[in-house]
Every structure is written in structure tokens, then in C-alpha cells.
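*Asks:* Below is one structure. I have some questions about it.
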Amino acid sequence: MHLHHQKHHQTYITNYNKALEQLDDAMTKGDASTVVKLQSAIKFNGGGHVNHSIFWKNLAPIHEGGGEPPKGSLGWAIDNNFGSLEALIQKMNAEGAALQGSGWVWLGVDKELNRLIVETTGNQDPLVTKGPSLVPLLGIDVWEHAYYLQYKNVRPDYLKNIWKVMNWKYASEVYEKEFPES
Amino acid sequence: MALRHLLTKKPLATQPLGILGFRRVQTFSLPDLPYDYGALEPAISSEIMHLHHQKHHQTYITNYNKALEQLDDAMTKGDASTVVKLQSAIKFNGGGHVNHSIFWKNLAPIHEGGGEPPKGSLGWAIDNNFGSLEALIQKMNAEGAALQGSGWVWLGVDKELNRLIVETTGNQDPLVTKGPSLVPLLGIDVWEHAYYLQYKNVRPDYLKNIWKVMNWKYASEVYDKEFPES
């Protein structure tokens, strides 16, 4: 957690800020070539900042509700979309384990179709890159830095254990904001 | 189906035969490291070498063999949809096997020449293409450090243009995916598993140190094979 937060996330922020300054400068000068060239750094570092900011809120200590299954409308929506919470977890773990290289596995909601989805993104691509109407509820970082010191190459063990500290309260809040209970 | 196999040019003796005597694909096994797991220390720790070789590389081989069997089956059945679907697993795991097989040969203990600068035609070509060995190393380290996500940084030779190149590939894409005439001379794995236990998030330190165990002899051999000195 120390390294992930103070080194990795901080580096994304540092580099995102730098890219933003360069972008602002290029936009002011009308330098389209540089504006386009900077998009890679913007997407990677900005995405890294966006994704990790969500990630820290996705997790909670057990004594603060981490791991407690979702109730209310999100719990109901999960059963509707996936059959059961266990089925959803199994699906996310399978897709997270199979992800090639670095990336994230997401539980999201398509706010136009009111449908829950499981999706993966590569590197630091935010969920919205897979569809403009997708809203992230939970994301699991499957970059090796997220688990290697503890789990080594055994990413499936990391995925199995992270659910013990999953903050379903936060996911429910985000879901209910998109679909307020009438 | 049996008749088609019997009519193939390859003699049956060189083909691994399944239970029914049909041709089966050539599968792969983990190549031995040319040195002990601790032989590259302190540049690369024994713990990393163990995991990298026996877990990561082995897993690529296991999954590549599985994908090859499935591919052979789908090709035999004429199942184009599955053939296409398998390409991702083939590229990722086959690439992982190809890349790591090169990687182990790219490294050598210091007492076996690891870190010794290249001489001969490759040394000369490096100066010609990059100005100096230091300039090449600086370029590879910069590109390796800047690589987003997982991947490799390569020194290669374009065998058609006889030109050295520095290139990166993502995930387990082999160098040839960047150009069909590119031949890898040296590859540096910049996946986090290649350095994290020892260097944590500081990939540039890993890149700085790996040159101390770089096997330039191997790179020279590959280069000389493409361009034999007349």
C-alpha cells in the first residue's frame, strides 16, 4: 500500500501535472502537433490518477465494512445481471487473471441501459474508454505492482483475497447516484 | 484425415505421434538457464531469476502448448472462428516463450563475460548507428523507462537495411511484430515482475544495473550470423 500510494500514484500525478502544463502551453501557442503528441502522456498519467483515486475508495478495512456484501438496489442488480454475487466475483476474477500484461478489471454500470457490466481495460485506460456511458463502481488493479511483493506471480490469489476488503458501500453509493431509488 | 497426414512430407519418425498415430504439434519445454539462479547478482537477484524462469516463463510455455493443441484441433476441424480466437493466446504465450528464451541468453555472469562491451563488427556498428555504446545504452534505458505498462526494449538489426535499431514492444509482442526484417540482438524485459522484488517501482535503477550482466558476446554472434564478416 505504501509503494502503491506514495510512489506509483504520486508518479502518475506528477507526470500528469507536467503533461497538463505542456498541453496548456501547446494549446495556447496553437501547436497542434504537440497537442496530439501529448495525448499519450495525458491518457496514461491522467488515467493512472483517475483509476487509483477510485481504487483507494473501493477498498476498506474489515472493521469499517470492507468485504461486507452489497445490499439494497446494487445487491439486487447484481443478482439480476449475474445471478449471484459469487457469480460476479468469479467472473471478475477470471477476467482479471486472464488479462494480458497490465490493466484493470471493472464492475461498472451502463447508465444508459441501466445494466451492470464486467469489463477490462489495459494499462491505465479508464473504464470510460470502453464506452462513454460506462460508470465505474469497482476497479481492481491487476498491474504486477499491485500484488507482486506479496503474491508474486500468483495473481489469482490476490484476486481471491481482495474481496475481503472490498468496499461495497462505496459501490452502492455510486450506483444509487446514477439510479436514485424512487 | 489420416490419409492427409500420411501424405505430408515430414517423415513420421520426426513427428511426435499421439495415441492413434496421428501427427501432433511440436510442443515446448522450459530451457535451462545457462547459469545458476544467483549468478547474476547483485544486478538481478536470485529470487527474481527463480520466479522469472520457473514460474513466469514456464507458465507461458504451458499455456502456449495448450493453445497450440487447441489451434491444431481447430485447424483440423476447419473451425476458422476458433482459429482466429486463439491468435491472442498464441501471440501472448508464444511471444512470452520466444522473448524469454532470448532473454536468458542475453544475460551472463560477470565472470563469464557479462557486461564486457562488444568488440568486432557489432561494436563498430553501434558506434556507427548511435555514436557510442554509452549513447545506445542511454537511449535504451530512456525508452525502457518510458514504456507504458508491460513490455520489452530491444536492440535489433534490420537485416534488409543492415541498420541497428532500438525499439519497444508491448506485453509479449516479439520484435518481429514491429517489422518483418527485424532481428533481436538484445532484449530487456521491463515487465514489473522482472525487477519489482529488488528495485520496487524504480525501473530506471534496474535498467542501469542490467548492463553489468549483459551478454554482448551473444549479441555479436547473432549479428555476425546476419552479416558474416567477409
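Cβ atoms are placed via backbone N, Cα and C, with glycine included.
Features from TrEMBL:
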- B:27-108: domain 'Manganese/iron superoxide dismutase N-terminal' (DOMAIN)
- B:H52, B:H100, B:D189, B:H193: Mn(2+) binding site (BINDING)
- B:118-221: domain 'Manganese/iron superoxide dismutase C-terminal' (DOMAIN)
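Describe the structural surroundings of these features, if you would.
*Replies:* In this view, B:H193 (Mn(2+) binding site) is surrounded by 18 other Cβ atoms within 10 Å of its Cβ, with every protein chain counted.
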*Asks:* What residues, ordered by sequence, lie under 8 A Cβ-to-Cβ from B:H52 (Mn(2+) binding site) and sit at least six positions away in the same chain?
*Replies:* B:H100, B:D189, B:H193, B:A194
*Asks:* Suppose we draw a 10 Å sphere around the Cβ of B:H100 (Mn(2+) binding site). How many other Cβ atoms does it contain, all chains included?
*Replies:* 24
*Asks:* Give the sequence-ordered set of same-chain residues, not counting B:H52, B:H100, B:D189, B:H193, with Cβ within 8 Å of the centre of the Cβ atoms defining the Mn(2+) site.
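*Replies:* Those within range, site residues removed, are B:H53, B:H56, B:H57, B:F103, B:W191, B:A194.
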*Asks:* Going by DSSP, is B:D189 (Mn(2+) binding site) sitting in a helix, a strand, or coil?
*Replies:* strand
*Asks:* Can you check what DSSP calls B:H52 (Mn(2+) binding site), collapsed to helix, strand or coil?
*Replies:* helix
